[in-house]
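**Student:** Take this structure, written in C-alpha coordinates, and hold onto it; I'll ask about it next.
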(Lines of atoms letter the chains of each structure in order from A and count residues from 1; the text may use other names and numbers.)
(Lines give C-alpha, C1' and ligand atoms only; values in the text may rest on other atoms or scores of the structure.)
Protein backbone atom coordinates (compact mmCIF):
# COMPACT_ATOMS: atom_id res chain seq x y z
CA UNK A 1 0.00 0.00 0.00
CA UNK A 2 1.20 3.50 -0.80
CA UNK A 3 1.39 6.47 1.56
CA UNK A 4 -2.02 7.78 0.47
CA UNK A 5 -3.70 4.50 1.47
CA UNK A 6 -2.04 4.52 4.89
CA UNK A 7 -3.05 8.14 5.38
CA UNK A 8 -6.67 7.34 4.49
CA UNK A 9 -6.76 4.43 6.95
CA UNK A 10 -5.22 6.62 9.65
CA UNK A 11 -7.78 9.36 9.11
CA UNK A 12 -10.65 6.85 9.22
CA UNK A 13 -9.63 4.75 12.24
CA UNK A 14 -7.68 7.41 14.16
CA UNK A 15 -10.70 9.17 15.75
CA UNK A 16 -11.99 5.80 16.98
CA UNK A 17 -8.72 4.37 18.27
CA UNK A 18 -7.03 7.39 19.90
CA UNK A 19 -9.76 8.20 22.51
CA UNK A 20 -9.99 4.54 23.52
CA UNK A 21 -6.21 4.30 23.81
CA UNK A 22 -6.09 7.42 26.01
CA UNK A 23 -8.91 6.11 28.24
CA UNK A 24 -7.17 2.74 28.54
CA UNK A 25 -3.87 4.37 29.51
CA UNK A 26 -5.57 6.48 32.16
CA UNK A 27 -7.41 3.47 33.60
CA UNK A 28 -4.20 1.50 34.13
CA UNK A 29 -2.08 4.47 35.25
CA UNK A 30 -4.49 5.65 37.97
CA UNK A 31 -5.02 2.27 39.64
CA UNK A 32 -4.60 2.15 43.41
CA UNK A 33 -1.29 0.38 44.23
CA UNK A 34 -2.94 -1.28 47.24
CA UNK A 35 -5.31 -3.16 44.92
CA UNK A 36 -2.51 -4.65 42.83
CA UNK A 37 -1.84 -8.33 43.50
CA UNK A 38 0.48 -10.98 42.16
CA UNK A 39 -0.48 -13.14 39.19
CA UNK A 40 -2.65 -16.10 40.29
CA UNK A 41 -1.32 -19.59 39.46
CA UNK A 42 -4.01 -20.31 36.84
CA UNK A 43 -3.42 -16.97 35.10
CA UNK A 44 0.31 -17.66 35.14
CA UNK A 45 -0.41 -20.95 33.38
CA UNK A 46 -2.25 -19.09 30.60
CA UNK A 47 0.54 -16.52 30.27
CA UNK A 48 3.18 -19.24 29.93
CA UNK A 49 1.16 -21.03 27.26
CA UNK A 50 0.63 -17.83 25.26
CA UNK A 51 4.29 -16.86 25.58
CA UNK A 52 5.48 -20.25 24.31
CA UNK A 53 3.02 -20.13 21.40
CA UNK A 54 4.04 -16.60 20.43
CA UNK A 55 7.69 -17.61 20.55
CA UNK A 56 7.05 -20.65 18.33
CA UNK A 57 5.26 -18.58 15.69
CA UNK A 58 7.96 -15.91 15.80
CA UNK A 59 10.62 -18.55 15.23
CA UNK A 60 8.56 -19.95 12.33
CA UNK A 61 9.06 -16.66 10.47
CA UNK A 62 12.80 -17.29 10.12
CA UNK A 63 13.42 -17.74 6.36
CA UNK A 64 15.79 -20.69 6.82
CA UNK A 65 13.02 -22.71 8.48
CA UNK A 66 10.69 -22.39 5.49
CA UNK A 67 10.82 -23.46 1.85
CA UNK A 68 13.34 -21.77 -0.38
CA UNK A 69 12.37 -19.08 -2.87
CA UNK A 70 14.37 -19.84 -5.99
CA UNK A 71 13.91 -16.38 -7.48
CA UNK A 72 15.21 -14.72 -4.31
CA UNK A 73 18.07 -17.19 -3.89
CA UNK A 74 19.30 -16.56 -7.44
CA UNK A 75 18.26 -12.89 -7.62
CA UNK A 76 16.42 -13.65 -10.87
CA UNK A 77 13.46 -12.05 -12.61
CA UNK A 78 10.22 -13.91 -13.30
CA UNK A 79 10.68 -14.43 -17.05
CA UNK A 80 14.29 -15.56 -16.95
CA UNK A 81 14.95 -18.65 -19.08
CA UNK A 82 14.51 -21.89 -17.18
CA UNK A 83 17.97 -23.19 -18.02
CA UNK A 84 19.62 -19.98 -16.89
CA UNK A 85 17.56 -19.88 -13.70
CA UNK A 86 18.58 -23.37 -12.61
CA UNK A 87 22.17 -22.83 -13.70
CA UNK A 88 22.27 -19.93 -11.25
CA UNK A 89 20.65 -22.14 -8.63
CA UNK A 90 23.30 -24.82 -9.21
CA UNK A 91 25.93 -22.16 -8.55
CA UNK A 92 24.29 -21.38 -5.20
CA UNK A 93 23.77 -24.96 -3.99
CA UNK A 94 23.55 -28.52 -5.23
CA UNK A 95 20.38 -29.33 -7.17
CA UNK A 96 17.87 -31.80 -5.71
CA UNK A 97 15.19 -34.07 -7.25
CA UNK A 98 12.63 -31.43 -6.29
CA UNK A 99 14.53 -28.92 -8.42
CA UNK A 100 14.23 -31.25 -11.41
CA UNK A 101 10.46 -31.32 -10.95
CA UNK A 102 10.36 -27.54 -10.63
CA UNK A 103 12.41 -27.22 -13.83
CA UNK A 104 9.63 -28.97 -15.71
CA UNK A 105 6.95 -26.81 -14.08
CA UNK A 106 8.82 -23.56 -14.70
CA UNK A 107 8.57 -23.97 -18.46
CA UNK A 108 5.14 -22.33 -18.06
CA UNK A 109 4.82 -18.73 -16.89
CA UNK A 110 1.52 -19.53 -15.17
CA UNK A 111 3.21 -22.21 -13.09
CA UNK A 112 5.82 -19.68 -12.01
CA UNK A 113 3.05 -17.38 -10.81
CA UNK A 114 1.42 -20.28 -8.98
CA UNK A 115 4.80 -21.00 -7.39
CA UNK A 116 4.96 -17.45 -6.07
CA UNK A 117 1.37 -17.66 -4.90
CA UNK A 118 1.24 -21.07 -3.18
CA UNK A 119 4.86 -22.14 -2.70
CA UNK A 120 6.68 -25.20 -4.04
CA UNK A 121 4.84 -27.94 -2.12
CA UNK A 122 1.37 -27.09 -3.46
CA UNK A 123 2.66 -26.69 -7.01
CA UNK A 124 4.44 -30.06 -6.99
CA UNK A 125 2.28 -32.24 -4.74
CA UNK A 126 -1.27 -31.44 -5.86
CA UNK A 127 -2.51 -34.45 -7.91
CA UNK A 128 -5.64 -32.81 -9.35
CA UNK A 129 -4.58 -29.18 -9.82
CA UNK A 130 -4.27 -27.61 -13.25
CA UNK A 131 -3.17 -24.17 -14.34
CA UNK A 132 -6.34 -23.91 -16.40
CA UNK A 133 -8.39 -23.99 -13.18
CA UNK A 134 -6.48 -22.01 -10.52
CA UNK A 135 -9.20 -22.61 -7.90
CA UNK A 136 -8.06 -26.22 -7.62
CA UNK A 137 -4.81 -24.97 -6.08
CA UNK A 138 -6.79 -23.01 -3.49
CA UNK A 139 -8.78 -26.10 -2.56
CA UNK A 140 -5.58 -28.08 -2.11
CA UNK A 141 -3.84 -25.29 -0.16
CA UNK A 142 -6.67 -24.56 2.31
CA UNK A 143 -5.82 -27.44 4.74
CA UNK A 144 -2.18 -26.33 5.00
CA UNK A 145 -3.33 -22.73 5.43
CA UNK A 146 -5.81 -23.53 8.20
CA UNK A 147 -3.61 -26.00 10.13
CA UNK A 148 -1.57 -23.35 12.03
CA UNK A 149 -4.73 -21.35 12.69
CA UNK A 150 -6.55 -24.40 14.09
CA UNK A 151 -3.57 -25.06 16.36
CA UNK A 152 -3.67 -21.41 17.39
CA UNK A 153 -7.40 -21.61 18.15
CA UNK A 154 -6.72 -24.66 20.32
CA UNK A 155 -4.12 -22.68 22.26
CA UNK A 156 -6.52 -19.75 22.63
CA UNK A 157 -9.21 -22.10 23.90
CA UNK A 158 -6.90 -23.64 26.51
CA UNK A 159 -5.45 -20.30 27.61
CA UNK A 160 -8.93 -18.80 28.15
CA UNK A 161 -10.59 -21.86 29.70
CA UNK A 162 -12.05 -21.17 33.16
CA UNK A 163 -10.92 -24.47 34.77
CA UNK A 164 -7.41 -24.21 33.30
CA UNK A 165 -6.61 -20.49 33.10
CA UNK A 166 -8.93 -18.94 35.71
CA UNK A 167 -11.52 -16.19 35.63
CA UNK A 168 -9.25 -13.38 34.43
CA UNK A 169 -8.34 -15.28 31.25
CA UNK A 170 -11.88 -16.58 30.64
CA UNK A 171 -13.05 -12.95 30.44
CA UNK A 172 -11.43 -12.69 27.00
CA UNK A 173 -12.55 -16.08 25.67
CA UNK A 174 -15.01 -14.75 23.09
CA UNK A 175 -12.68 -11.94 22.00
CA UNK A 176 -9.76 -14.35 21.55
CA UNK A 177 -11.89 -16.81 19.58
CA UNK A 178 -13.22 -14.10 17.28
CA UNK A 179 -9.73 -12.74 16.68
CA UNK A 180 -8.33 -16.21 15.92
CA UNK A 181 -11.12 -16.95 13.45
CA UNK A 182 -10.66 -13.52 11.87
CA UNK A 183 -6.96 -14.18 11.27
CA UNK A 184 -7.76 -17.50 9.59
CA UNK A 185 -10.43 -15.98 7.36
CA UNK A 186 -8.15 -13.07 6.48
CA UNK A 187 -5.42 -15.42 5.28
CA UNK A 188 -7.87 -17.52 3.25
CA UNK A 189 -9.23 -14.36 1.63
CA UNK A 190 -5.71 -13.08 0.94
CA UNK A 191 -4.85 -16.32 -0.87
CA UNK A 192 -8.14 -16.25 -2.78
CA UNK A 193 -7.59 -12.65 -3.91
CA UNK A 194 -3.86 -13.05 -4.49
CA UNK A 195 -4.02 -13.59 -8.29
CA UNK A 196 -5.37 -10.08 -8.81
CA UNK A 197 -2.80 -8.46 -6.54
CA UNK A 198 0.01 -10.66 -7.83
CA UNK A 199 -0.61 -9.54 -11.39
CA UNK A 200 -0.42 -5.91 -10.26
CA UNK A 201 2.81 -6.55 -8.34
CA UNK A 202 4.40 -8.33 -11.30
CA UNK A 203 3.77 -5.36 -13.60
CA UNK A 204 6.80 -3.23 -12.74
CA UNK A 205 8.64 -0.55 -14.70
CA UNK A 206 11.87 -2.51 -14.34
CA UNK A 207 11.64 -5.99 -15.95
CA UNK A 208 14.73 -7.12 -14.02
CA UNK A 209 12.98 -6.73 -10.66
CA UNK A 210 12.75 -9.88 -8.52
CA UNK A 211 9.07 -11.02 -8.47
CA UNK A 212 7.01 -10.39 -5.36
CA UNK A 213 7.24 -13.44 -3.03
CA UNK A 214 3.58 -13.59 -1.99
CA UNK A 215 3.72 -17.04 -0.37
CA UNK A 216 6.78 -16.17 1.73
CA UNK A 217 5.45 -12.76 2.74
CA UNK A 218 2.14 -14.34 3.77
CA UNK A 219 4.02 -16.88 5.87
CA UNK A 220 5.90 -14.05 7.56
CA UNK A 221 2.79 -11.98 8.23
CA UNK A 222 0.93 -15.03 9.58
CA UNK A 223 3.60 -15.70 12.20
CA UNK A 224 3.81 -12.05 13.21
CA UNK A 225 0.02 -11.64 13.40
CA UNK A 226 -0.50 -14.74 15.55
CA UNK A 227 2.39 -13.80 17.82
CA UNK A 228 1.00 -10.26 18.19
CA UNK A 229 -2.44 -11.70 18.98
CA UNK A 230 -1.00 -13.92 21.73
CA UNK A 231 1.08 -11.09 23.18
CA UNK A 232 -1.91 -8.72 23.32
CA UNK A 233 -4.06 -11.41 24.94
CA UNK A 234 -1.34 -12.19 27.46
CA UNK A 235 -1.00 -8.49 28.31
CA UNK A 236 -4.76 -8.16 28.83
CA UNK A 237 -4.86 -11.27 31.05
CA UNK A 238 -1.93 -9.96 33.08
CA UNK A 239 -3.54 -6.56 33.63
CA UNK A 240 -6.87 -8.07 34.71
CA UNK A 241 -5.34 -10.82 36.84
CA UNK A 242 -3.26 -8.29 38.80
CA UNK A 243 -6.18 -5.84 39.20
CA UNK A 244 -4.42 -3.22 37.09
CA UNK A 245 -7.33 -3.07 34.64
CA UNK A 246 -11.03 -3.56 35.35
CA UNK A 247 -12.04 -4.92 31.94
CA UNK A 248 -15.69 -5.28 31.07
CA UNK A 249 -16.86 -8.67 32.24
CA UNK A 250 -14.06 -9.06 34.79
CA UNK A 251 -16.19 -8.23 37.79
CA UNK A 252 -15.03 -11.02 40.06
CA UNK A 253 -16.95 -14.01 41.28
CA UNK A 254 -20.73 -14.01 41.26
CA UNK A 255 -22.82 -14.25 44.44
CA UNK A 256 -23.48 -17.94 43.85
CA UNK A 257 -19.77 -18.66 43.37
CA UNK A 258 -18.86 -16.69 46.49
CA UNK A 259 -21.48 -18.59 48.48
CA UNK A 260 -20.19 -21.89 47.16
CA UNK A 261 -16.63 -20.92 48.07
CA UNK A 262 -17.74 -19.89 51.58
CA UNK A 263 -19.54 -23.22 52.04
CA UNK A 264 -16.40 -25.10 50.98
CA UNK A 265 -14.34 -23.08 53.44
CA UNK A 266 -16.81 -23.82 56.24
CA UNK A 267 -16.77 -27.51 55.39
CA UNK A 268 -12.99 -27.52 55.56
CA UNK A 269 -13.07 -25.68 58.88
CA UNK A 270 -15.63 -28.12 60.30
CA UNK A 271 -13.44 -31.01 59.23
CA UNK A 272 -10.43 -29.51 60.99
CA UNK A 273 -12.47 -28.87 64.16
CA UNK A 274 -13.77 -32.44 64.12
CA UNK A 275 -10.23 -33.73 63.77
CA UNK A 276 -9.05 -31.48 66.60
CA UNK A 277 -11.91 -32.71 68.83
CA UNK A 278 -11.09 -36.35 68.14
CA UNK A 279 -7.44 -35.69 68.91
CA UNK A 280 -8.37 -33.91 72.15
CA UNK A 281 -10.56 -36.82 73.27
CA UNK A 282 -7.77 -39.26 72.49
CA UNK A 283 -5.29 -37.25 74.52
CA UNK A 284 -7.51 -36.89 77.58
CA UNK A 285 -8.40 -40.59 77.57
CA UNK A 286 -4.74 -41.59 77.65
CA UNK A 287 -3.11 -41.01 81.03
CA UNK A 288 0.41 -40.63 79.66
CA UNK A 289 -0.59 -38.11 76.99
CA UNK A 290 -2.76 -36.17 79.43
CA UNK A 291 0.19 -35.92 81.81
CA UNK A 292 2.39 -34.53 79.03
CA UNK A 293 -0.27 -31.94 78.13
CA UNK A 294 -0.71 -30.89 81.76
CA UNK A 295 3.03 -30.47 82.19
CA UNK A 296 3.17 -28.35 79.04
CA UNK A 297 0.48 -25.96 80.22
CA UNK A 298 2.08 -25.66 83.66
CA UNK A 299 5.36 -24.69 82.00
CA UNK A 300 3.50 -22.37 79.62
CA UNK A 301 1.92 -20.57 82.56
CA UNK A 302 5.31 -20.12 84.19
CA UNK A 303 6.81 -18.73 80.98
CA UNK A 304 3.99 -16.24 80.61
CA UNK A 305 4.36 -15.03 84.18
CA UNK A 306 8.09 -14.58 83.69
CA UNK A 307 7.58 -12.63 80.49
CA UNK A 308 4.91 -10.37 82.02
CA UNK A 309 7.21 -9.59 84.95
CA UNK A 310 9.98 -8.25 82.75
CA UNK A 311 10.43 -4.50 82.91
CA UNK A 312 10.27 -3.87 79.16
CA UNK A 313 7.03 -5.84 78.84
CA UNK A 314 5.40 -4.07 81.78
CA UNK A 315 6.33 -0.65 80.40
CA UNK A 316 5.06 -1.60 76.96
CA UNK A 317 1.72 -2.78 78.35
CA UNK A 318 1.33 0.38 80.39
CA UNK A 319 2.01 2.56 77.35
CA UNK A 320 -0.48 0.58 75.26
CA UNK A 321 -3.18 0.76 77.94
CA UNK A 322 -2.53 4.46 78.39
CA UNK A 323 -3.41 5.11 74.76
CA UNK A 324 -6.71 3.23 75.00
CA UNK A 325 -9.87 5.16 75.83
CA UNK A 326 -11.58 2.69 78.15
CA UNK A 327 -14.87 4.60 78.23
CA UNK A 328 -15.11 4.84 74.42
CA UNK A 329 -14.19 1.17 74.12
CA UNK A 330 -16.94 0.29 76.60
CA UNK A 331 -19.51 2.29 74.61
CA UNK A 332 -18.46 0.62 71.35
CA UNK A 333 -18.74 -2.82 72.89
CA UNK A 334 -22.16 -1.96 74.28
CA UNK A 335 -23.40 -0.79 70.87
CA UNK A 336 -22.02 -3.90 69.22
CA UNK A 337 -23.74 -6.12 71.79
CA UNK A 338 -27.05 -4.29 71.34
CA UNK A 339 -26.89 -4.71 67.55
CA UNK A 340 -25.93 -8.37 67.85
CA UNK A 341 -28.86 -9.23 70.14
CA UNK A 342 -31.38 -6.83 68.63
CA UNK A 343 -32.87 -9.53 66.40
CA UNK A 344 -33.33 -11.82 69.42
CA UNK A 345 -35.45 -9.34 71.38
CA UNK A 346 -39.24 -9.87 71.34
CA UNK A 347 -41.15 -7.51 69.05
CA UNK A 348 -43.82 -5.02 70.05
CA UNK A 349 -46.60 -7.43 69.04
CA UNK A 350 -45.24 -10.13 71.31
CA UNK A 351 -44.88 -7.70 74.22
CA UNK A 352 -48.47 -6.49 73.75
CA UNK A 353 -49.75 -10.08 73.58
CA UNK A 354 -48.08 -10.81 76.88
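Backbone N, Cα and C atoms are what each Cβ position is placed from, and that goes for glycine too.
Whatever TrEMBL says is automated annotation, not expert-curated.
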**Student:** For the annotation transmembrane segment in TrEMBL, which listed range does it cover: 74-97, 98-121, 218-241?
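**Tutor:** Comparing 74-97, 98-121, 218-241 with TrEMBL, transmembrane segment matches 218-241.
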**Student:** Using a Cβ distance cut-off of under 8 Å, indicate which of 46-66, 179-198, 218-241 has the most pairs with the transmembrane segment (137-158).
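**Tutor:** Ranked by Cβ pairs under 8 Å, first place goes to 179-198.
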**Student:** Which residues of the chain, 6 or more past the ends of the transmembrane segment (46-66), have a CB below 8 A from one of its CBs?
**Tutor:** 39, 148, 152, 155, 158-160, 164-166, 169, 216, 219-220, 222-224, 226-227, 230-231, 233-234, 237-238
